[in-house]
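Quick look at what TrEMBL lists:
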TRANSMEM  20-42  transmembrane segment
DOMAIN    37-285  domain 'G-protein coupled receptors family 1 profile'
TRANSMEM  54-73  transmembrane segment
TRANSMEM  93-115  transmembrane segment
TRANSMEM  136-159  transmembrane segment
TRANSMEM  197-221  transmembrane segment
TRANSMEM  233-256  transmembrane segment
TRANSMEM  268-287  transmembrane segment
Amino acid sequence: NHTLLTEFVLSGFSSHPELQHLLFFTICLVYTMTLAGNLLICMVTVHPTLHTPMYFFLCVLSFLDISTASVVVPKMLVNLLSEDRSISYLGCVTQLYCVVFLAATEWYLLAAMAYDRYVAVCHPLRYSAVMSPRACLSLVLLSCCSGKVVSVVQTAWVFSLSFCGPRRIDYFFCDIPPLVTLACADTSRYEKQLVSATALVIFTPFCLILLSYTCIISSILKISSADSRHKTFSTCSSHLTVVTLYCASGTLIYLQPKSSNSQDAKKILALIYTTVIPTLNPLIYSLRNKEVKEVLIRVM
């Protein structure tokens with residue numbers, strides 16, 4: 001009695017029809033700010049005065065933020081104004097793969113950025129040799145390869161499940177938790193594996209980041225000049241802010257028990273993760289960084 005599933009339906013925020021137009025204009029504005037802010041960061045970081053590893057990683061992070069928002073938001077905007085909210089089976093597979101790939105890659109990239117700050121603060125005399133252009137490119141490629149492995153495994157596992165029941169996804173994009181709920185087989189084993197994989201993807205880079213900043217703070221406290229301590233810490237505070245935002249939102253979305261949050265709350269958290277945080281990153285890095293602000297003013 002099983003039928004071949006050719007498409008899903010993304011219900012999105014259809015349970016609140018009175019908010020559809022308000023959500024459309026709000027999300028459209030946020031998406032525009034995401035594109036403008038991150039493209040501006042990419043333009044600024046290619047300035048000759050900012051040809052350093054930190055700004056190279058920042059440029060890659062901005063590119064990933066643009067990609068994350070672009071994978072999710074355009075389809076969501078169309079669905080907010082359309083009665084037809086369907087997405088093809090292949091389209092859902094592609095969207096899930098891209099979302100997981102970009103999220104995992106960003107996490108590993110944040111760990112690489114923390115390592116860059118560790119070398120800059122704790123081993124300044126060796127910084128140029130350790131963080132050479134080749135080493136920076138290798139760290140970015142390693143982050144991408146790690147993200148690809150995570151994405152391929154998770155996507156393959158999700159779509160190896162049988163979807164013989166309803167095809168309506170109570171979400172605004174194809175993500176792992178809402179897709180698993182549509183499976184007609186026992187998914188308890190897979191849900192445990194998902195929690196383990198998410199913990200591995202989030203907490204392995206987080207532990208590396210924590211270790212790096214433990215060493216950084218220890219070195220900062222040894223600096224005698226208060227101005228030097230403040231300047232050194234200010235270069236790291238932007239990165240710490242971004243890590244905190246990603247860690248908090250990712251943990252609340254993927255590591256919370258089913259009963260702890262309503263579906264609407266999970267949608268809001270996912271909306272923040274995919275649209276709001278990519279918008280905040282350029283603001284965090286530009287407003288708290290004197291060099292970026294100077295180049296930004298010069299460019300504009």
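Positions of Cβ are set from backbone N, Cα and C atoms, glycine also.
Automated prediction, rather than curation, is the source of TrEMBL annotations.
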Chain residues in Cβ proximity to the transmembrane segment (54-73) (below 8 Å; excluding those fewer than six residues from its ends, i.e. six or more beyond): 27, 31, 34-35, 38-39, 41-42, 45-46, 95, 98-99, 102-103, 105-106, 109-110, 112-113, 116-117, 120, 133, 136, 139-140, 172-173, 235, 242, 274-275, 277-278, 281-282, 285, 292
Residue numbers, six or more beyond the limits of the transmembrane segment (268-287), whose CB comes under 8 Å of its CB atoms: 27, 30-31, 33-34, 37-38, 40-41, 44, 58, 61-62, 65-66, 68-69, 72-73, 99, 171-173, 175, 238, 241-242, 245-246, 249-250, 252-253, 261, 293, 296
